[in-house]
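Participant: Please find one structure pasted underneath; my questions will follow.
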Amino acid sequence: MILMEIVSIRNQTITEFVLLGFSDVAELHLLFFIVFALIYTSIIIGNMLIIVAVVSSPRLHTPMYFFLVNLSFLEILYTSTVVPKMLEGFLWEAAISVAGCLLQFFIFGSLATAECFLLAVMAYDRYLAICYPLRYPLLMRPRWCLGLVVISWLSGFIVDGLVVTLMAQLRFCGPNHIDHFYCDFTPLMGLACSDPSIAQLTTFILSVVCLTVPFGLILTSYARIVVAVLRVPAGASRRKAFSTCSSHISVVSTFYGTLIVLYIAPSAVNSQMLSKVFGLLYTVFTPLFNPVIYTLRNKEVHQALRRLLYIKQTETLN
């Protein structure tokens, strides 16, 4: 009788998942909530300031800042898909419906894939600006820039739409606990009762293409930038260029590196806690550092922000 009940439960399709998050360190949940709430707030404010500064300053209406605005907008959506649910898990049990779980993965995965392509576009833009300064205005015309951004966004949603379509055909019948802080692919496949091999193979192939190709283009672009910079006489401009390139590559490498490990070589991660730490790198810390890295030494953005704050202060006093 008991065996029949167990079989019945296992064959029953579940309706919701429970995200376990960082349940292994429950005593640190309050501290984690405060820290990640502050980080999330910083991400939103930092990226919003970049968007407002660029939009409000005609001098910044150039291809580089157009791509930067798209990156900032993408980062806001990207983190907002994952972090609020993670914060909820620090306070109480974070439950999510099966449909909501697939939707979260679709939005998050689409935005992550779009960012992979957008970062490659931004690196290509810098390569053209530095290596072909005279032809740059012709090569990066507004219509071409818009097309590159649209392709980046559409590619993300098309690729992950295919993956989620395959995932939606799977049956989940228990257990319903996801040992992660968001609905990631690998933990979800581990809970599927039906054969997930097609979804896994498709995801692997798409991950290889969508991660290695853009990352290779980025490395190639920056390698050519370095070669071009080496031809410039040694001085402050060369040091600044190397410093900027190294900071960009460090953030990009962290983003791509963690995604490559988790989606192309998941066997390299030998514990679920390590998988969560890797997940934090590309869901929280990269979006936190991106606006800082891409605007830290940018005097034009600083001036636009100062003008914006001055105008706001003047309006307040009047």
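Heads up, the Cβ atoms here are built off N, Cα and C, so glycines get one too.
What TrEMBL says about a protein is an automatic prediction, not a curated fact.
Per TrEMBL, the features are:
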type	residues	note
DOMAIN	46-294	domain 'G-protein coupled receptors family 1 profile'
TRANSMEM	30-52	transmembrane segment
TRANSMEM	64-83	transmembrane segment
TRANSMEM	95-124	transmembrane segment
TRANSMEM	144-168	transmembrane segment
TRANSMEM	204-230	transmembrane segment
TRANSMEM	242-265	transmembrane segment
TRANSMEM	277-296	transmembrane segment
Participant: If you count Cβ pairs under 8 Å, which stretch among 30-52, 95-124, 242-265, 277-296 touches the transmembrane segment (64-83) the most?
Facilitator: 95-124
Participant: So if I exclude everything within five residues of the ends of the transmembrane segment (204-230), which remaining residues of that chain have a CB under 8 angstroms from its CBs? That is, six or more out.
Facilitator: 113, 116-117, 119-120, 123-124, 126-127, 130-131, 155, 159, 162-163, 238, 241-242, 245, 248-249, 252, 256, 259-260, 263-264
Participant: Determine which residues of the chain contact the transmembrane segment (277-296) at the Cβ level, with the cut-off under 8 Å and only residues 6 or more beyond its ends counted.
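Facilitator: Contacts with the transmembrane segment (277-296): 36, 39-40, 42-43, 46-47, 49-50, 68, 71-72, 75, 78-79, 82-83, 108, 112, 180-182, 184, 247-248, 250-251, 254-255, 258-259, 261-262, 269, 302.
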Participant: What parts of the chain pack near the transmembrane segment (30-52), using Cβ distances under 8 Å and only residues at least 6 beyond its ends?
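Facilitator: Those are 22, 68-69, 72-73, 75-76, 79-80, 83-84, 86-87, 90-91, 284-285, 287-288, 291-292, 295, 301, 305, 308, in sequence order.
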